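**Q** Sharing the record's features from Swiss-Prot:
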- 1-199: region 'DHBP synthase' (REGION)
- Arg26, Glu27, Asp31, Arg138, Ala139, Gly140, His141, Thr142, Glu162: D-ribulose 5-phosphate binding site (BINDING)
- Glu27, His141: Mg(2+) 2 binding site (BINDING)
- Glu27: Mg(2+) 1 binding site (BINDING)
- His124: site 'Essential for DHBP synthase activity' (SITE)
- Glu162: site 'Essential for DHBP synthase activity' (SITE)
- 200-398: region 'GTP cyclohydrolase II' (REGION)
- Arg251, Val252, His253, Ser254, Glu255, Gln272, Glu294, Gly295, Arg296, Thr316, Thr351, Lys356: GTP binding site (BINDING)
- Cys256, Cys267, Cys269: Zn(2+) binding site (BINDING)
- Asp328: active site, proton acceptor (ACT_SITE)
- Arg330: active site, nucleophile (ACT_SITE)
Amino acid sequence: MFHPIEEALDALKKGEVIIVVDDEDRENEGDFVALAEHATPEVINFMATHGRGLICTPLSEEIADRLDLHPMVEHNTDSHHTAFTVSIDHRETKTGISAQERSFTVQALLDSKSVPSDFQRPGHIFPLIAKKGGVLKRAGHTEAAVDLAEACGSPGAGVICEIMNEDGTMARVPELIEIAKKHQLKMITIKDLIQYRYNLTTLVEREVDITLPTDFGTFKVYGYTNEVDGKEHVAFVMGDVPFGEEPVLVRVHSECLTGDVFGSHRCDCGPQLHAALNQIAAEGRGVLLYLRQEGRGIGLINKLKAYKLQEQGYDTVEANEALGFLPDLRNYGIGAQILRDLGVRNMKLLTNNPRKIAGLEGYGLSISERVPLQMEAKEHNKKYLQTKMNKLGHLLHF
């Protein structure tokens with residue numbers, strides 16, 4: 001159904017248009033995408049004719065700053081925070097709307113000799129400013145277009161157009177597949193592009209390592225920072241780094257302040273953390289990776305808001321969704337990079353969560369065995385554990 005990212009990059013380098021599909025839990029739409037440097041009148045006309053949506057030009061922050069392209073509005077209330085700037089035309093265009101003139105304006109954006117006064121405001125080209133960090137920071141078509149351009153070795157700019165059906169509705173994956181076949185286009189997902197970037201780009205930096213005696217034994221603790229969002233993560237390690245080919249006992253644990261520190265009975269996080277450290281110490285070799293992904297990625301305050309909803313009868317999944325979040329926002333790409341830095345290639349993973357296994361394997365790590373980590377249910381977390389089993393697929397038994 002979808003093509004490898006490498007095939008899409010080859011097509012873009014040849015001046016072809018591709019289709020990029022975003023997450024079904026986001027807009028669930030497809031955009032035509034081309035490199036800005038290959039945005040010929042023919043490409044613009046193709047997008048206008050067969051895409052029918054708004055043609056925009058995603059740009060890196062550097063290009064936007066150089067040309068003094070400011071946000072369209074001071075307070076962005078768009079649900080996806082799409083970063084439109086004021087629309088533009090090149091001053092030498094007439095109406096600015098024809099395929100030829102839109103192509104001319106796009107090419108002028110890439111010209112290093114262009115200055116802000118070369119462009120009229122408003123116009124018929126709609127620049128979008130991509131966030132630094134690209135799809136790893138924001139999983140949108142804007143960032144995907146700029147990431148793809150840079151991966152092609154081209155200037156950080158693209159041209160995109162939402163794809164609509166003939167009846168004016170948004171084209172979803174089944175229709176997009178037919179459109180791709182009809183026009184012989186490569187089609188990729190932003191999800192695959194995110195994975196491609198995690199596998200290709202090192203985004204964590206080892207900052208420090210210390211020896212730490214604990215109630216569970218003496219560990220070597222490695223501190224890391226994430227270059228994209230500045231978050232800090234730590235790995236508690238027993239054994240010699242780098243590890244060899246022999247499977248290593250690993251626990252990837254997401255931060256839970258209420259459970260890990262204060263002994264909350266609403267979850268099983270604290271007991272899981274302690275059990276994992278005990279098992280690693282008993283084996284004398286292993287890694288506990290502590291990721292700062294509080295509340296399955298929604299943050300501490302939002303987790304407390306979710307708890308408030310649970311007091312009103314919501315379960316843990318329903319509470320997240322009521323707050324506008326997915327049930328689980330965690331991403332394991334950064335964790336995989338830290339494990340690779342520690343020389344972990346093959347592991348025995350302490351987890352009840354099959355999605356965690358898939359998440360880590362998707363970044364090139366091998367999991368030879370799943371080691372269950374089920375804790376005894378308590379009065380206040382039994383519903384929580386049953387929901388994780390029934391709705392999130394956790395491998396638990398009651």
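Every residue gets a Cβ built from N, Cα and C, even glycine.
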**Q** Please work out the number of neighbouring Cβ atoms within 10 Å of the Cβ of Asp328 (active site, proton acceptor), leaving out its own Cβ.
**A** 20
**Q** Which recorded positions are spatial neighbours of Glu162 (D-ribulose 5-phosphate binding site) here, meaning Cα within 10 Å, out of His124, Arg251, His253, Glu255, Cys256, Thr351?
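**A** Checking Cα-Cα distances against Glu162 (D-ribulose 5-phosphate binding site), none of the recorded positions falls within 10 Å.
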**Q** Helix, strand or coil: which one is Cys269 (Zn(2+) binding site) in, per DSSP?
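**A** The residue in question, Cys269 (Zn(2+) binding site), is helix (DSSP, three-state).
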**Q** Given the model, what does the mean pLDDT over the region 'DHBP synthase' (1-199) come out as?
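**A** Computed over the region 'DHBP synthase' (1-199), the mean pLDDT is 93 on the 0 to 100 scale.
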**Q** For the C-alpha pair, I'd like the distance in angstrom between Arg296 (GTP binding site) and Ala139 (D-ribulose 5-phosphate binding site), rounded off.
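**A** About 18 Å separate the Cα atoms of these two residues.
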**Q** Listing them in sequence order, which of the recorded positions Asp31, Arg251, His253, Glu255, Arg330 have their Cα within 10 Å of that of Cys269 (Zn(2+) binding site)?
**A** His253, Glu255
**Q** Cα-Cα, whole number of Å: Asp31 (D-ribulose 5-phosphate binding site) versus Glu255 (GTP binding site)?
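**A** Rounded to the nearest whole number, the Cα-Cα distance is 36 Å.
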**Q** Does DSSP give Glu162 (D-ribulose 5-phosphate binding site) helix, strand or coil?
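**A** DSSP call for Glu162 (D-ribulose 5-phosphate binding site): strand.
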**Q** For the recorded positions listed here (His124, His141, Arg251, His253), tell me which residue's CB has the most neighbouring CB atoms inside 10 Å.
**A** His141
**Q** Most Cβ neighbours within 10 Å: which of the binding-site residues Asp31, Glu162, Glu255, Glu294 is it?
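**A** Per the Cβ count within 10 Å, the most buried is Asp31.
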